[in-house]
Amino acid sequence: MGGARKPRTLAEKVWDDHVVVAGQGYHQDRGPDLIYIDLHLVHEVTSPQAFDGLRLAGRWVRRPDLTVATEDHNVPTVDIDKPIADPVSRIQVETLRRNCAEFGVRLHPMGDIEQGIVHVVGPQLGLTQPGMTIVCGDSHTSTHGAFGAIAMGIGTSEIEHVLATQTLPLRPFKTMAVTVDGRLPAGVTAKDIILALIAKIGTGGGQGYVLEYRGSVIESMSMEGRMTICNMSIEAGARAGMVAPDETTYEFLRDRPHAPTGKQWDAAVAYWQQLRTDDDAVFDTEVYLDATSLSPFVTWGTNPGQGVPLAASVPDPELMIDDVARQAAEKALAYMDLRPGTPMRDIAVDAVFVGSCTNGRIEDLRLVADVLRGHKVADGVRMLIVPGSMRVRAQAEAEGLGEIFITAGAQWRQPGCSMCLGMNPDQLAPGERCAATSNRNFEGRQGKGGRTHLVSPAVAAATAVRGTFSAPADLN
């Protein structure tokens, strides 16, 4: 008889439930496990070569019922009833449509009520569920970990492997507990928490880990907030981020199109309730954040870890002890055209972008509307508000949010990845500075020569009104 099973973390439980064939060997010499994949999400940018590989090998999609595609990265956010102007974008979208038709994959194209950013669509349809393994050819697949799933981005060759076999060979990841306790101050959001965490541990601090977010602040957070935090786990270098499912999770999923019903719902919840880290389980490492000490955050550099509280100033590289950090800061400040010691609140912006798979959900749009109500976007500032999906847009319209945005002088767009990345018409001009609710501030991310600062939706809205980096409290 075997001994009692050792206590396990949430990630280990989900992983163990999906091992088809265990890797051979021990410790460092152990081979990868073959992991079953419950849900495969597909979009137009990373899938064409994968479908070509299937075609050349004479294979088919093994589980089209577990594969869902949507158009998001390249799609325009205006005039969606007209042909896509950019030839490369048009070819990629048309190719996805042909591939999905040929291989029997469900697709939500532009204009479809269920179309939107892939990481918004999955949860809103109830496709994303606790205990699942979820993959997509996109870094921010970690978003779905907010439901207690192991969710990760994969490359094109791995996409082909999943399409053909519904499995992936993977080595187990290390585990990191990120505990956020304390009382979250007014005006501080999930986006501020994750930006503060990345600033604390660095963009490589989570490399090789699955991060499990825990603590009273996470437990009291909405699903939208949890998705924001898990979404940016990859920006700390992590493979995935997770939150244990609870009543908040169940209520979000209840009655969604693909959620279980009746006795199947009861059985699913009974299983989901087991998806918690055992009391005696040991993480490979642990990190703590005191929420009470947090404040609105803004990045100043060219990676998500180069951030400071809004009340702070641009840091001085000369005061940095680490040579690598100092050189990176000097390079970033040169690109961003910023001087050390400049108060963040004194930095003017040319554009404000609200949207993306990080902050394009209805809760985010409500926050923005609350700030914009009764105000106008500052002269010389261009503000784009892009819902994460057609469903989000419809709900925002029903709640009167679109009217608030337009009255304030913002552009209220159709769904898509939009200005998060320069793969569609929504781009910055060289030298333009943008406050963005997206997830990456790399050089040229929003367009060649564009300068991106990552902020929360609330800070984005206040910044649009004042024209310089601001919090809602600054408008009073």
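Quick reminder: no glycine exception, Cβ is built from N, Cα and C everywhere.
Binding of [4Fe-4S] cluster is annotated in Swiss-Prot for C417, C420; the matching candidate from C230, C357 at the same site is C357. In sequence order, I117, V118, H119, V120, H140, T143, N231, G388, C417, C420, N439 are the residues of the chain that are 6 or more apart from C357 ([4Fe-4S] cluster binding site) and have a CB within less than 8 Å of its CB.
Residues C357, C417, C420 make up the record's [4Fe-4S] cluster site, and a Cβ search at 8 Å around their centroid adds D72, H73, I117, H119, H140, G355, S356, T358, G360, G388, G416, S418, L421, S438, N439 from the same chain.
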